[in-house]
Amino acid sequence: MAGSVASGSSGSATGYLTPGADSLIAAPSAVVSDADLNALEASIEQIFRTRVDSHAMRGAAEVADLERRADKAETSANAMVARLEPYEKIYQSFLALLGPAPGKGETDASPAITAQRDRLLKGKGDLSGRLMRARLYALEAHQLVVALGQRTDAVQQALLTQRFQSPLGAGFWGRLRGEFSADTGRALQLSNEIGESVVDATKRGRLTFFLVGIVAAACLLCAPFALARQIRRAAARILRDGKDRRLASALMLMVVSLACAMAASGVFWLGLTGGDDLEGTDLDSFADMVGAQLPMAAALLGVAAAILSPRQTEWRIAPLNDEAARALVPLAIWFATLPVLKGVLRYVDLASGLGSLGVQVLDAIFVFVAAPLLIMIPRAIVRSLPGEDGQEPDEAPGTLIELRTASIGRLARTLATIVAAFCFLAVACGYIPLAYTTVSWLCSMAAALTVLGLVFMLAQNLGETVFVSSSSLGWRLTRLGVPHRVIDLGSVLATGLISVFLAFVAIAVAQSAGNFDLQQTAVNVGQLVVGPNIGGVTFSFDTVLICLVAPVAGHYVIKAFQGWLRTRLFPRTRLDLGAQTSIVSIFTYTAWILVGLTVLSSIGITVKSMTWVVSALSVGIGFGLQSIVQNFVSGIILLAERPVTIGDLVEIGGTVGDIKRISVRSTDIGLADGSTMIVPNSQFITSAVRNATLGHPTGSLSVAVDLPLGTDLVKAIGVMSSALAGVPDLLKTPAPTVSVSSISGKTVTLSASGRTQSPRNVGAVSNEARLAMWKELHANGVVASIPSSASEG
């Protein structure tokens with residue numbers, strides 16, 4: 001793609017980049033032609049100018065068709081943008097290599113360079129124009145998709161209350177007879193296309209391929225049920241709990257059925273068409289809408305087979321007896337055909353071109369096919385409950401839950417019967433769209449809630465039995481160093497997030513209007529996950545997940561790094577305890593700031609969007625937050641400058657104690673009585689602080705002794721010196737000293753001074769010195785009085 005600019009030195013160097021030019025850089029017109037851009041513009045304009053009658057039945061189909069066309073136009077425009085964007089960097093790279101154009105009166109070193117630059121500039125200009133048009137068309141198409149989606153909702157809401165003539169009247173069938181010829185022609189057109197495809201597929205050259213496709217599709221459809229025993233064995237090997245095994249095997253069978261059905265539909269279509277492109281034909285539309293429902297039908301069959309298990313009761317999930325399970329099997333097969341019928345009706349509604357009454361007849365037939373299931377399935381289930389069909393319920397206390405379940409089941413059966421009767425009555429009165437939408441929505445929600453319920457129960461059971469600290473997996477994680485509390489907390493959070501996601505899926509299914517469409521459900525889930533954008537801040541599932549996970553993960557990462565610093569790095573350095581604490585504290589605050597910025601950036605909050613917050617904080621700082629900010633800044637200064645550190649013996653405001661912790665707001669000082677005094681950091685900056693351990697780690701003491709005037713001072717000084725020499729905790733170097741401190745009218749005061757290993761034991765050593773001097777003075781007949789206070793430092 002990147003070309004050789006050196007080719008511009010040839011005779012064609014001055015020419016413009018054209019598709020046939022001698023250059024490895026593709027011309028923009030070759031990447032996206034004018035014809036493609038003009039066709040896209042015409043398509044978008046045609047969609048925009050089309051007027052839709054939202055009060056007619058054909059309006060809904062036309063709006064849906066316009067929405068599909070607008071979505072296709074948006075996809076085409078985005079594809080054009082994706083093809084053009086890489087060439088921007090290529091042109092910029094070559095132009096940067098050639099350098100800027102020479103100034104006035106200057107020339108390039110070679111005319112070929114000038115020609116190359118001119119050609120690249122022309123190509124870049126053409127590229128910019130085409131890229132701008134493609135981006136504009138993508139934006140216009142996206143706006144059309146949004147507008148038409150809203151219009152589709154309005155049309156569907158209008159259709160719900162639309163009343164046709166009653167099928168019980170002669171007028172309805174008279175109008176249907178008038179549409180019969182046109183509807184027959186449309187049906188014959190589809191049948192002719194199907195017949196032609198079958199005839200082409202059975203020709204001598206393609207017959208084998210067609211038959212192989214049919215056989216392969218049939219084998220794929222039957223494969224999940226043939227592999228059911230192997231799937232259950234696999235679930236039994238993975239999980240030990242019986243309930244977990246049953247739930248896991250049901251979901252595994254559903255996934256296998258879904259995948260095999262998708263593969264079967266693709267193989268059959270390939271065998272039928274032989275790989276020919278039938279886009280735009282009625283057969284392609286019919287196959288697309290019906291084929292999209294086959295995987296859902298297969299998945300429902302797989303789930304039903306796992307839930308009922310009529311032959312293997314030990315794998316049955318539903319609390320049913322054998323008779324009820326066998327009775328529900330044909331009803332489950334009946335229910336699984338509804339998605340396929342829904343696909344046929346979707347083609348009839350949107351792409352067949354049938355008249356409005358013909359569509360209503362087919363919709364009414366779907367109601368009469370699906371609504372009886374609302375009566376028959378609950379009836380078959382309730383028959384297996386206590387107290388039904390003449391069975392006397394057990395009055396033992398242990399059956400209270402069963403009786404409550406039976407009451408709920410009977411209530412559900414009553415409500416389902418009422419809904420079915422309402423749908424029949426609505427069809428009879430002419431409100432066919434209302435009955436059709438109601439039945440479709442209930443059937444799709446029943447299928448979705450069944451599958452989501454299985455996933456929810458499996459997640460809850462695994463969270464309570466497998467992913468807990470008391471399980472074998474938890475024991476292995478504990479041996480790896482993961483705390484029990486973390487394992488249990490992670491299990492709870494994981495099951496909670498799964499429950500939230502399942503709720504999103506249920507809402508998405510409810511918004512799909514009962515279409516049984518996996519693709520539409522996925523789109524609805526994506527819209528729910530992306531979430532709304534309010535004030536430039538995006539609220540979505542992944543954003544909430546990041547906001548929850550980032551602080552939790554940050555906490556454990558920071559804690560692990562702190563442990564590595566304390567246990568691995570610091571023991572191999574000469575840093576004292578205060579320096580180590582300062583480094584750990586600064587790292588912790590910086591890391592949490594980064595975590596906070598990560599959370600803010602994930603929801604789209606930037607520095608620009610926080611301008612008003614900064615302005616409000618500045619006003620708050622001027623009034624009520626000044627002291628908080630002052631303490632915060634003082635804490636940073638204490639950690640960086642380290643006038644006091646962890647373990648220092650300080651005196652501030654008449655309080656003496658050891659510093660235990662320095663945070664960004666306050667400092668904790670441990671007092672002698674075991675209590676803790678919390679001092680704001682600003683006091684360490686603005687007031688006088690005495691640090692007894694800073695600079696000189698030794699302590700000093702001075703003890704005064706009062707003697708009568710007639711005392712032999714030389715003897716007293718000698719006795720006191722010998723007594724101090726016998727105190728073990730006094731340093732010998734420098735040696736303790738005794739001197740005359742003062743002489744008053746009645747007494748002479750002698751002062752004994754010495755130094756200790758640490759300021760922390762000055763009090764204890766002073767007490768030992770007093771006792772030693774008191775004993776020696778009295779033993780030598782010297783009368784003395786020693787004040788209780790002493791000078792310590």
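For all residues, glycine too, the Cβ spot is worked out from N, Cα and C.
So that you can see what the record holds, here are the features copied from TrEMBL:
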TRANSMEM  207-227  transmembrane segment
TRANSMEM  247-270  transmembrane segment
TRANSMEM  290-308  transmembrane segment
TRANSMEM  328-345  transmembrane segment
TRANSMEM  357-377  transmembrane segment
TRANSMEM  414-433  transmembrane segment
TRANSMEM  439-459  transmembrane segment
TRANSMEM  486-514  transmembrane segment
TRANSMEM  534-558  transmembrane segment
TRANSMEM  579-603  transmembrane segment
TRANSMEM  609-629  transmembrane segment
DOMAIN    628-693  domain 'Mechanosensitive ion channel MscS'
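The stretch with the most CB contacts under 8 Å to the transmembrane segment (414-433), chosen from 357-377, 486-514, 579-603, is 357-377. Nonlocal intrachain contacts for the transmembrane segment (328-345), taken as residues 6+ away from its ends with a CB within less than 8 angstroms of a stretch CB, comprise 286, 289-294, 296-298, 300-301, 304-305, 308, 310, 320, 362-363, 366, 369-370, 373, 376-377, 380-381, 440, 443, 447, 514-516. Remote same-chain residues near the transmembrane segment (357-377) are listed as 57, 164, 167, 172, 175-176, 179-180, 183, 328, 331, 334-335, 338, 341-342, 345, 348-349, 413, 416-417, 419-420, 423-424, 427, 432-433, 435-436, 439-440, 442-443 (criterion: CB distance under 8 Å, separation of at least six residues from the stretch ends). Beyond the transmembrane segment (486-514), the same-chain residues lying 6 or more positions past its ends with a Cβ under 8 Å from any Cβ of the stretch are 156, 342, 437, 439-445, 448-449, 452, 455-456, 459-460, 463-464, 467-469, 474, 477-478, 520-522, 524-525, 527-529, 541, 545, 548, 552, 556. Just going by CB pairs under 8 A, the stretch in 247-270, 439-459, 579-603 that sits most against the transmembrane segment (290-308) is 247-270. Just going by CB pairs under 8 A, the stretch in 247-270, 439-459, 579-603 that sits most against the transmembrane segment (207-227) is 247-270. Long-range contacts of the transmembrane segment (439-459) within its own chain (CB-CB distance under 8 A, at least 6 residues past either end) are made by residues 243-244, 247-248, 250-251, 254, 296, 299-300, 303, 307, 317, 335, 338-339, 342, 366-367, 370-371, 373-374, 419, 423, 494-495, 498-499, 502, 505-506, 509-510, 512-516. Away from its own ends, the transmembrane segment (579-603) comes close to residues 537-539, 543, 546-547, 550-551, 554, 557-558, 561-562, 565-566, 570, 610, 639-640, 642, 645-646, 662-664 of its chain (Cβ-Cβ under 8 Å, at least six residues beyond either end).
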